[in-house]
Amino acid sequence: MAAANAPITMKEALTLPSLGINPQFINFTHVTMESEKYICIRETAPQNSVVIVDMSMPAQPLRRPITADSALMNPNSRILALKAQLPGTTQDHLQIFNIEMKAKVKSHQMPEQVVFWKWISANMLALVTQTSAYHWSIEGDSEPVKMFDRTANLQGNQIINYRCDPSEKWLVLTGIAQGPPERPQLVKGNMQLFSVDQQRSQALEAHAAAFSTLKVAGNDNASILISFASRSFNAGQLTSKLHVIELGAVPGKPSFTKKQADLFFPPDFADDFPVSMQISQKYGLIYVITKQGLLFVYDLETASAVYRNRISPDPIFLTTDASSVGGFYAVNRRGQVLLATVNEATIVPFVSGQLNNLELAVNLAKRGNLPGAENLVVQRFQELFSQAKYKEAAELAAESPQAILRTPDTVAKFQSVPVQAGQTPPLLQYFGTLLTRGKLNAFESLELSRLVVNQNKKNLLENWLAEDKLECTEELGDLVKTVDNDLALKIYIKARATPKVVAAFAERREFDKILIYSKQVGYNPDYLFLLQTILRTDPQAAVNFALMMSQMEGGCPVDYNTITDLFLQRNLIREATAFLLDVLKPNLPEHGFLQTKVLEINLVTFPNVADAILANGMFSHYDRPRIGQLCEKAGLYIRALQHYTELPDIKRVIVNTHAIEPQALVEFFGTLSREWALECMKDLLLVNLRGNLQIIVQTAKEYCEQLGVDGCIKLFEQFKSYEGLYFFLGSYLSSSEDPEIHFKYIEAAAKTGQIKEVERVTRESNFYDPEKTKNFLMEAKLPDARPLINVCDRFGFVPDLTHYLYVNNMLHYIEGYVQKVNPGNAPAVVGQLLDDECAEDFIKGLILSVRSLLPVEPLVEECEKRNRLRLLTQFLEHLVSEGSQDVHVHNALGKIIIDSGDNPEHFLTTNPYYDSRVVGKYCEKRDPTLAVVAYRRGQCDDELINVTNKNSLFKLQARYVVERMDGDLWEKVLSTDNEYRRQLIDQVVSTGLPESKSPDQVSATVKAFMTADLPHELIELLEKIVLQNSAFSGNFNLQNLLILTAIKADPSRVMDYINRLDNFDGPAIGEVAVDAQLYEEAFAIFKKFNLNVQAVNVLLDNIHSIDRAVEFAFRVEEEAVWSQVAKAQLREGLVSEAIESFIRADDVTQFLEVIKAAEDANVYHDLVKYLLMVRQKSKEPKVDSELIYAYAKIDRLGEIEEFILMPNVANLQNVGDRLYDEALYEAAKIIFRFISNWAKLAVTHVKLNEFQSAVDAARKANSSKTWKEVCFACVDAEEFRLAQICGLNIIIQVDDLEEVSEYYQNRGCFSELISLMESGLGLERAHMGIFTELGVLYARYRPEKLMEHIKLFSTRLNIPKLIRACDEQQHWKELTYLYIQYDEFDNAATTIMNHSPEAWDHMQFKDVVVKVANVELYYKAVHFYLQEHPDLINDLLNVIALRVDHTRVVDIMRKAGQLRLVKPYMVAVQSNNVSAVNEALNEIYAEEEDYDRLRESIELHDNFDQIGLAQKIEKHELLEMRRVAAYIYKKAGRWKQSIALSKKDNLYKDCMETCSQSGERELSEELLVYFIEQGKKECFAACLFVCYDLIRADVALELAWMNNMIDFAFPYLLQFIREYTGKVDELIKYKLESLSEVKAKEKEEKDMVAQQNMYAQLLPLALPAPPMPGMGGGFAPPPMGGMGMPSMPPFGMPPMGPY
């Protein structure tokens, strides 16, 4: 059957390999598809990942790196469920993730392994373990809930499916197991059905099952059905059945009768079995899919077979329901995702025609609303109607497919039935049936509503509309409007009868809803008419409506000016203003006219409103001069000023300050330029200086930056207004730093009598010119001197101030200034008063009045400068008596005492408060000794040194320096830069230090000499102190210092000091002597203090005399000394002597160095003695290991065996390795045997050629590396038996197999290697590598065994590797077999075609070629079969028909001249309507003169060169062929050629049909003439009937009358007259209706105009204000049509005459 006519359509939705999915992962365990939305693939190589394919966009798969054992996508949403086994356990960890939110939903750890799981709903997972089944909800925190335990029949089964019914009350679990022993290849299916309500299970035998629902007649509730398919082998019989059973039938209610049907498997599918079942609720069909790709389709209700076909050549392992299309998806092993759907156009004809099952065809059509059963349904309806079975007829009409019976004719038929008394009218039965089935169409709704309205049952309509049972139309709304306006409005809205909806809203006065609704539906009503209508009754509502119109998308549908005029015509100024203010908010330039208009209206009528509008500043595009004039006239002077742009206008208005708010006027000045503003300010001052001064000052303050401070000052000065200047500068002063501004302010304040302000500014300001201000104030001679005091005090003019006040006899201000203002400046005042020869009493009184507040130091300076210091005696004594400790007070008093000579030494030594440096400086020229006393008291080092040096007082200086003990001072006086250093040193040595009894002073002095690097002077000093029996002779530190200084300065004295002194630090001095290379002195020191180790170190390290060291060691006999000697001997290479010394020292610390040295010197006998000594004191692995090695080196193997048997800590492994590396194999063998290191023992045996022992040791080691070493050694020694023993233990390791193989092959041991591999096949741990390597060896050396090996072990081979070997060795048949096994079908096909003599097999090639991915191979295969197997080419083409380009195949065969050869193939694929195929077949049919097939081909398939074919066969000798040519011409629209050809063959019927189809009048009339010419009267009459629509009546009658054929034309004439009289009647009726509509419209328009004229007469026009005088004619009033708009008739009506 052609694919196009099949009831089920198969389509390849996608292929998984094309998305990058590796074919090895396309299987049941890696691919899941829970719904038609997603496919989930789990990959484990090259890395673990999960690929999610969204079927709505399959080209964009989502790949995520996830490791899991299984992955399931939720059937509805992007939620992923993952399952993974916990390592080392049988427990599974379950997780659910939301991919879109990137969050984990929940997780759970199952205590047992989950063997199968599946989404059974959007929020429920089913989990199946080895023993039970669980349900796990993804909502909340719930854990899996156990549903039931698995029955015994499912034990050991592989679970393949789990399902539940929609109510989740019935569950079914399906599994498969190995078949019975008599037929194991037939897989057995088992099923467990569980009832949740009854908590019972039933075991059944089935391979696939599915739940569905079906509504049984007479039962209101749908029945739950289970369908299951089984295939079993019992008693030698193979049974295949489909069962459909109802579950949970309710007693007493109609139930579903159990159905069953046979599944017919073809002979080639004897071992095939169902793997899945899907049920289409949309069409009521059961789909049963088998593993080998068979599809069975059955009707759910009757279990009748509908269709069977193979849908996939590859095994199918997964299916899922495609509920949206009523089909299913299937995935096969090749990775194809196939979509099976119902062919709606063909399934009903197929069932009725091919299956001859009319009842099923009708049921399918009704159930799925499918075409194809129209005639059957109509026929059945008429039968029921004729039998008066109106209820059944109503039900059939209601369920008719595609609603073919729900027409006005059906309603009319029911209306025509007379109503029987006491019975429900058939029409109502019909409508009742429709209402129970669903929604009525438009005509049915209208007819039913008419019945209900007539019966006044409005509530029924309301209920049906609420339930959406009626289709709303405008006619229905008109009908309902007669009884209920609200209900009619709802109907109009649903029916989208927009004009009626708008009219209804207008009637209800819900105008806002009109705009909302119109926007929703895109309707444009007459807004102007609506606005006028609202305006008549509710002006405010009209404003709101206008505003709503202005906010519509796309702009206001009515011009703003027109709307405004409508308001103004009715004198609604406030409403017009409100509207304009709202719509003009955007302040656009194009709205300038309207802005002017709204301001004009309000300035004339409501000036306060206009003022408020202007105050808001919302408009900026109106006519400003015009508005300015109106504002001036209305008394809004400030608004006028804001709008005028000419200076004269502004001057004219601005003088009206009495009517202008001052603040507004000030703000206005801010808008003027500097020049205009100053001009206006001058005018204001000229008009009324006193009255306008405040405004001018305020303006100057506000805008001083714009106007310029200088300009403002000049303005005030021009009018000599110091008051204005004072107030102006007062505000500007705080922000100005201009000295001139500050001065002018002080000047203005002084001249206006603002003395307090003058005092404040002089006190606080920092910016006035002090000199200028001082001079001004002195000249002004203000009665209050405080401003002058402020200036002079702040800027240092105190002498000038004092002189001014003294001269002007203002002494009280002097006292006030000193006592209250600034006592700190009293010294300057006193000085100036002394210069002015003021009386001393006044000065003393002034000083005493201040007392402690007076700064003493500057006062003393002022008096001292003028030699009037004694003037302060009384003042200073008074301060001292008050307990003053001020240093300046005591300094001054001291100076007075020194000058007076009144026992100054007592003052200098007893007074603690004076400054030594100041007083000492004062004494230097008067008495240096007094200066020394003062400096010593204050520790003024520099000053004391300077004065003593200058006056040669070195003894005093030496005593001071020694007593001071200051390092910095010593450094200064002992510096080479000090020319008096020698004199000082002499005084220190002779007087300063000997007089001292303080150790600290001595220590500081010595340290200073050392720091100054004076060693000889230091030695001189120390010898005098230490060696001359002073108090410090036995001092430890001084003795150390003496020796150390001698070491540094005079080494010749060191030995003498060592012998004479005893109380010094021997170890430290010895080390210093060593560092100074005084080795003998150091040796003497160490000997004196019994430091023998240090002493011997000096001999060894410094004097380098090992002999003296040995002698010294014998003398002292200390182990530490011998140890140092031994180390030195070891360094010098005296190994034996060093070992002897180490033994004497009993020193084991250097055993590592000793071992190394002994090994280098090869003195292992001495080393053994030393190591035995070391072992007694230390347990070191190194020692024991070296001892074993030493024994081995001196060939004392017996001692080795004895030693390792004793307790030891030797690292035997390392020792053995070392012995092995140095070829001491016998000793190594002893060690390895003792430590059981069989691997090393084995290779040691190999080195000793002890192969059998080596194999025994390797067996114990059981190490791959060991086995390889022994094996390779045995191969080299040709010990193949032993080598095979080793090899069998190697080749079980995959990584080592290839190395062994290469080793054997490189040495030519091929037979031995093959024998080894063959032996390895039987190993328990035999792996793929062994089988593969043996295959490679067979390919190379034993090709006759290769094929048998491949077939036996194809699943255990590394096929790619073996493919390469077979390709290299040219084993083509085996290579082909391997390619097929590896799913490399492209390569397999290529190999077969390239090497066909050896590799070709037809059945095998057919199976391969359909699986290739490279399309070119299909055409290569066609060429191959054409050349080598032409008899089988059709079989090949039928296999690949779905995958090849038919045009290309035809071209290949045409070029080869073998088109007839593939005719069966072309017939099979012609349904695809391919041009090349059609033309080829048509050519063959023409050659074969098979006109029936040719005509059928042309009718069904039109894609070919029609004209070419027609020209080719129009002269054919067969009539039917020429008739086909005429038919082709007719199809191509070449009517004349077709008619001419038919005429030639007297095919008049064809001629007439062609004319009728052409629609060309000329052809029809020409044909009539032809028939008359030929005398064919009957044909003439027939042509009139056939071509009725084309032939003109006058032509027909004329031809008939002229040729005496009126009788034959009379039927045509009757039909023509009847048609045209009916048309005339319709035209007359239409004309009358049109006239009545025109009259009604004219009447409505007249009424409207009359109403408008009435309102226009009542209300005057609202015009703007009259023109201003002097404005050039003024502002003319706008015409009637609106301001600024051309005059137009209102609302599209003609202009009215005068009132």
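Each Cβ is built from the backbone N, Cα and C atoms, and glycine gets one as well.
On a predicted model such as this, the values are computed, not experimentally measured, just so you know.
Marked as domain 'Clathrin heavy chain linker core motif' by TrEMBL: 344-367. If you look up TrEMBL, you'll see 551-697, 700-842, 847-986, 993-1138, 1142-1283, 1288-1434, 1437-1580 marked as repeat 'CHCR'.
For the repeat 'CHCR' (847-986), the DSSP counts in helix, strand and coil order read 105 helix, 0 strand, 35 coil. Only residues 6 or more beyond the boundaries of the domain 'Clathrin heavy chain linker core motif' (344-367), in the same chain, are considered here, and those with a CB under 8 A from a CB of the stretch are 4-8, 283-284, 299, 301-302, 304-307, 373, 376-377, 380, 399-401.
Under DSSP, the residues of the domain 'Clathrin heavy chain linker core motif' (344-367) split into helix, strand and coil as follows: 18 helix, 0 strand, 6 coil. With DSSP states grouped into helix (H, G, I), strand (E, B) and coil, the repeat 'CHCR' (1288-1434) comes out at 116 helix, 0 strand, 31 coil. Helix, strand and coil content of the repeat 'CHCR' (1142-1283), in residues and according to DSSP, is 110 helix, 0 strand, 32 coil. Each residue of the repeat 'CHCR' (1437-1580) gets a DSSP state, and the totals for helix, strand and coil are 111 helix, 0 strand, 33 coil. Model confidence over the repeat 'CHCR' (1437-1580) is summarised by a mean pLDDT of 86.
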